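Asks: Quick one: the structure is below, questions incoming.
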2 protein chains.
Amino acid sequence: MLYLIGLGLGDEKDISLRGLEAVKRCENVYLEAYTSILLVEKSKLEALYGREVIVADREMVEQGVESILEQAKTMEVAFLVVGDPFGATTHSDLQMRAKQLGVTVKVIHNASIMNAIGACGLQLYRFGETISIPFFTDTWRPDSFYDKIKKNRDMGLHTLCLLDIRVKEPCFEALARGKKVYEPPRYMSVNTAVEQLLDIEDRRKEGVYGRETTAVGVARIGTDSQCIISGTLEELLTVDYGPPLHSLVVPGELHVMEQELLATFACNESTPRIQKDLIIDEEDEEP
Amino acid sequence: MLYLIGLGLGDEKDISLRGLEAVKRCENVYLEAYTSILLVEKSKLEALYGREVIVADREMVEQGVESILEQAKTMEVAFLVVGDPFGATTHSDLQMRAKQLGVTVKVIHNASIMNAIGACGLQLYRFGETISIPFFTDTWRPDSFYDKIKKNRDMGLHTLCLLDIRVKEPCFEALARGKKVYEPPRYMSVNTAVEQLLDIEDRRKEGVYGRETTAVGVARIGTDSQCIISGTLEELLTVDYGPPLHSLVVPGELHVMEQELLATFACNESTPRIQKDLIIDEEDEEP
């Protein structure tokens, strides 16, 4: 039996009673740690579960998943996922491979950014396609998501922008010297996302949005330190949202109640701001 | 302090540890019971919480919410919501009224149909606008959601269809006789939803979908008895999905992995079917 268990958005206390019962029954417990990050130490999970928690990084899941599935044929195995198990394509894939091997899969759902984003005051049913914004590099500045924002906005729909997470990425310079070294983890900030979006608009000039467009920057949704700030893209550039994870919403048409709710999160004098010269560096911020 | 606490999708064990801690701290505990239904007895919640649970029906929330907010000015009050607190517009409204009265609101998220629908094998980020399908009456057969399905499908996006729930609706015949009597609760089945969708296509004839279009009928997602069946709309008409709550997905373009996952849920000889003459009556089925 393979349990896919959502941990929710914050710390060890966001697991459901059902999830906790299951994980306590399992002989082996894996924690998926590359499509999202847990905002709590692994040791706290272990103390709560009374079980060792094995961190499953990208390599392990991509190369070693067969051994996890093999175990699940005869044992109860838990695969813990931050948020909900179906927030990332990987876990649908894992479920399918389990089914193919005749392993029973039981999913225990939880909150994920895909529904908790409702906390920002925009109605969930009025969101269109969700996009992912990857870190630009010197030579790679993709903009296909610009078209998706355009289509959503043409339909009056909101766009949830999931921001890039780079965990345990191999360092190519070190690889070239024959060493396996990993880059420090990087989590895209709302600031970087907005910069990149404005960069694309400057290139494409199709007027999908601009510096005066209202948007919502959010961080650590569902936790005690959650941060929700609405303002123009220009304003959102200057805000200090604090530690990861960050997400951004580019709204479509706003209904009256949505306007009123967004206004309660409006950027103002008491909003924490970042120093301008930090904006350039925050891509390297650590968790 | 007002806690808006998501209960998740199944029974009393789907609350998070964080949510349970909060509800145990609260002096008054309300359960919202008209935008969704709990699949478990209220007494089980009360046994788990060690608290009386007051059922807040539509009338109470629409007319009596001020008294709940008044309590929350000086006490810890819990407002429990099936799924996630932001699944329904009502709760955003409640949050805003609380803010206006200076009541601190703390939200404890949970799974809702909006993210748990990922269990059907379709990727969440590829869903477009969510629609709601209301019960047709003899004189009222709205079809504005047909245009939304069209737009989503034109963009290759999936459409989650939330199906009508009628709880504690006043009986107009009785009202006319001066009595306040309520209609029995009604929960739209996938079968009725598909019938209504096909009825609209027959009228509108814009070829947005047809009897051969692949779709997915789901029931009781996130519970032990969850049912996920993929098939043509024609096939889905014949399936017995069991008790509420039901939802329907009309997919857009299917990626390879989505096709493979949907295939694992395909309607076949072992799928439970309903008797044809029951199809007409299932609108009246009881919870």
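Note: Cβ is positioned from N, Cα and C throughout, glycine not excepted.
Where the annotation comes from TrEMBL, it is an automatic prediction and has not been curated.
When I checked TrEMBL for this same protein, it listed these features:
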- A:Leu9, A:Asp84, A:Gly87, A:Ser112, A:Ile113, A:Leu163, A:His246: S-adenosyl-L-methionine binding site (BINDING)
- A:1-236: domain 'Tetrapyrrole methylase' (DOMAIN)
Asks: Looking at the domain 'Tetrapyrrole methylase' (A:1-236) alone, can you tell me the average pLDDT?
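Replies: Looking only at the domain 'Tetrapyrrole methylase' (A:1-236), pLDDT averages out to 92.
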Asks: Including all protein chains shown, what's the count of other C-beta atoms within 10 A of the C-beta of A:Asp84 (S-adenosyl-L-methionine binding site)?
Replies: 33
Asks: Looking at the binding-site residues A:Asp84, A:Leu163, A:His246, which ones have a CB within reach of chain B, meaning under 8 Å Cβ to CB?
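Replies: Filtering A:Asp84, A:Leu163, A:His246 for a Cβ under 8 Å from chain B leaves A:Asp84.
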Asks: Just how spread out is the S-adenosyl-L-methionine site if you go by the largest Cα to Cα distance in Å among A:Leu9, A:Asp84, A:Gly87, A:Ser112, A:Ile113, A:Leu163, A:His246?
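Replies: Answer in Å: the longest Cα-Cα distance is 17.
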Asks: Report the same-chain neighbours of A:His246 (S-adenosyl-L-methionine binding site): residues 6+ apart in sequence with Cβ closer than 8 Å to its Cβ, ordered by sequence.
Replies: A:Leu163, A:Tyr187, A:Met188, A:Ser189, A:Val190, A:Ala193, A:Gly217, A:Val218, A:Ala219
